[in-house]
Amino acid sequence: MASGSNKFSNKYITLSLLFLALEYSSASSLTKDGIAQHRVKLVRNRRQSNCQDGEYEHEGIFCCLCATGQRLVSHCTKNGSHGECKNCENGMFSSHPNFQEKCELCTSCDHTSANLKVKEPCTPAQDAICMCKEGHYCNTDDCRLCQPCAKCADEGIKEACTSTSNTVCNVKTDGSNIGMIAGIIVLIFFIFIAGAVGALFVWQKRKLRGTPGDASTGGGPPNDEEMQFFNVPDIEPHLPDIAEVLGWRDMKDVASRSGILQTAIEACERNHPLDCEEQTKQLLRIWVEKHGSRSPVKLIEILKSSGKRNKAEKVMKIFGL
């Protein structure tokens with residue numbers, strides 16, 4: 001009986017050891033497989049793009065971006081490779097890695113009467129940066145036109161003019177303030193007299209022609225002959241409002257009727273793609289530089305002659321005419 005019990009105990013121990021050996025073998029195999037799988041995953045994770053500047057997808061193929069200062073000529077034919085890229089032509093640039101087929105046009109600092117000069121020239125990898133000439137300033141981030149610096153009289157300069165800020169003059173003394181006030185009063189008096197004389201002249205002219213004011217104009221705005229007797233306003237502060245009234249299409253028509261070259265009109269479109277408001281402002285500045293102090297009267301004349309009397313009247317309201 002004791003012998004049978006020992007045999008049973010030995011068999012049990014043997015089976016237990018065999019079971020533990022199988023478990024260890026299985027665990028070891030899983031561990032090894034797990035390590036192998038982990039290593040495969042690391043290899044896959046390490047399989048990254050060879051493109052230094054990034055990549056883009058074209059027809060299911062991942063191509064490397066062209067470098068800064070270049071443009072795309074043709075796409076690649078296999079993943080992780082470069083297509084054909086070409087350096088930007090003179091007067092063009094691209095400031096970021098890209099896959100564009102055309103470079104951007106460089107900004108010009110040579111606009112007539114804009115009082116700008118080149119701070120940093122245009123390169124294939126960077127657009128030109130403009131700054132104001134000496135004696136001029138511009139206090140906006142995107143400066144297209146620099147204004148002359150103010151000049152201080154006897155009171156002296158408190159802060160000198162810089163390329164980004166106007167001159168600040170010292171506060172005048174009480175005596176000089178009194179003189180200034182007196183000068184302003186005299187100036188206003190002479191302006192009033194001149195306006196009265198001009199109005200009288202126009203009234204007499206209407207009377208001689210037998211066309212009273214209310215009957216001839218119906219209470220409307222003054223005609224072109226009458227406008228020459230008004231003080232012509234400064235158009236520069238009103239450019240944004242006038243540009244909003246005109247719009248890009250009518251501004252192009254005004255420019256064409258005034259002899260502005262088509263290349264100048266197209267340059268405004270290229271400088272501000274998809275931004276009709278900025279295109280209109282830039283072309284309007286070019287038009288003002290061409291016509292000078294007669295710009296307000298000339299603009300109203302062209303609008304009237306081209307059948308846009310409604311816009312002409314809106315422009316006159318902006319000028320207070």
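Cβ atoms here come from the backbone N, Cα and C positions, even for glycine.
Because the structure is a prediction, the values reported are computed rather than measured.
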- Note on the structure: Going by TrEMBL, the cysteine from Cys76, Cys103, Cys106 that pairs with Cys88 in a disulfide is Cys103
- Task: May I ask for the residues of the chain that lie six or more residues beyond the repeat 'TNFR-Cys' (87-130) and have a Cβ under 8 Å from a Cβ within it?
- Result: 53-54, 56, 58, 63, 65-73, 75, 136, 143-148, 267, 270-271, 285-286, 289
- Task: Enumerate same-chain residues with a sequence separation of six or more from Cys88 (disulfide bond) and a Cβ-Cβ distance below 8 A; give 'none' if the list is empty.
- Result: Gly69, Gln70, Arg71, Ser94, Cys103, Pro124
- What DSSP gives for Cys103 (disulfide bond), in three states, is coil
